[in-house]
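Asks: Sharing the features that TrEMBL gives for it:
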type	residues	note
TRANSMEM	26-52	transmembrane segment
TRANSMEM	64-94	transmembrane segment
TRANSMEM	106-124	transmembrane segment
TRANSMEM	145-167	transmembrane segment
TRANSMEM	187-211	transmembrane segment
TRANSMEM	232-254	transmembrane segment
TRANSMEM	260-278	transmembrane segment
């Protein structure tokens, strides 16, 4: 969760707009916020166009649940980034205290929702991989128990951390924007976040485990390729979340804008990682221009990550 220190009184009147615009943290947060919003907006539009073009939102299409989860995660991430961009531009005058308090807590809920959907998407992909012919022999009972434990810990940890953060903390207007008032209660959120970290570690273990135990049979190479891709993108998500928390601690005494921007960058990186789990990510990016078919004609292999056929070769990851 966001760790920011309160160094000013919440009842202060704000700076004038000119003085606010001269603040380096506000300028950095606004520029980063605009970049993140534009990137996520394009990704959301691209996934929508690609989904419509190839009927990814149809229940009869292979990979329907995964693609729907990915799209909803991107949409919720975009909503969070927009709320962050608004948050850094309010709370400079006393009359905006109530608005900044509500909007900040709403932003936290959007952050929790987006991250939960991202990890639910990654977990679903991990669980699907274990059902492929190359990995189905690894479907031991302890694997299933660990898999379900990981997703419960991740989702529960993030939501409890978000609720603890919103219930125990209050925000108000200051000369430096929307900030904490009174004492900041961090330990409940940190405890819940540690539960989330355990779930992330378990999921990473489940993604690394097949590299030592996969059967050498037909389809193994294609399956292990997508396992490798999913492992890398999951590690990116875990790493960016950790970096956001550490960087947040570094800027704890400066401004509320920098922590918000850091979490905005973290969410944007997570959404891009979701995109990169698909071997057809280039097709998705250019789909608003109608260029996905051109990219597919250049792609030499079958996309096993989303079920979209590039060549007429049976996909070991898709059950017919």
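The backbone N, Cα and C atoms fix where each Cβ goes, glycine too.
Just so you know, TrEMBL annotations are computer predictions that nobody has curated.
Could you place these features in context, so I can see how deep they sit and what lies close by?
Replies: When Cβ-Cβ distances below 8 Å are used as the criterion, the transmembrane segment (106-124) is approached by residues 1-2, 65-66, 69-70, 72-73, 76-77, 79-80, 83-84, 87, 147, 150-151, 154-155, 158-159, 161-162, 165-166, 199-200, 203, 230, 233-234, 237, 241, 260, 263, 267, 270-271, 273-274, 277 of the same chain, each at least six residues removed from its ends.
Long-range contacts of the transmembrane segment (260-278) within the same chain: residues 2, 28-29, 32-33, 36, 39-40, 43, 47, 70, 73-74, 77, 80-81, 84-85, 87-88, 107, 111, 114-115, 118, 121-122, 125, 229-230, 232-234, 236-237, 240-241, 243-244, 247-248, 251, 284-285, 303, 305-306, each at least 6 residues beyond the stretch ends and with a Cβ under 8 Å from a Cβ of the stretch.
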Asks: Using Cβ atoms and a strict cutoff of less than 8 Å, what residues sit near the transmembrane segment (26-52) while being 6 or more residues removed from its termini?
Replies: 20, 67, 70-71, 74-75, 77-78, 81-82, 84-85, 88-89, 177, 255, 257-258, 260-261, 264-265, 267-268, 271-272, 275, 283-288, 292
Asks: For the transmembrane segment (64-94), could you work out the same-chain residues 6 or more beyond its ends whose Cβ comes under 8 Å from its Cβ atoms?
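Replies: Hits for the transmembrane segment (64-94): 11-15, 20, 26, 29-30, 33-34, 36-37, 40-41, 43-44, 47-48, 51, 56-58, 100, 103-104, 106-107, 110-111, 113-114, 117-118, 120-121, 124-125, 128, 171-175, 177-179, 256-257, 260-261, 263-264, 267-268, 270-271, 274-275, 277-278, 306.
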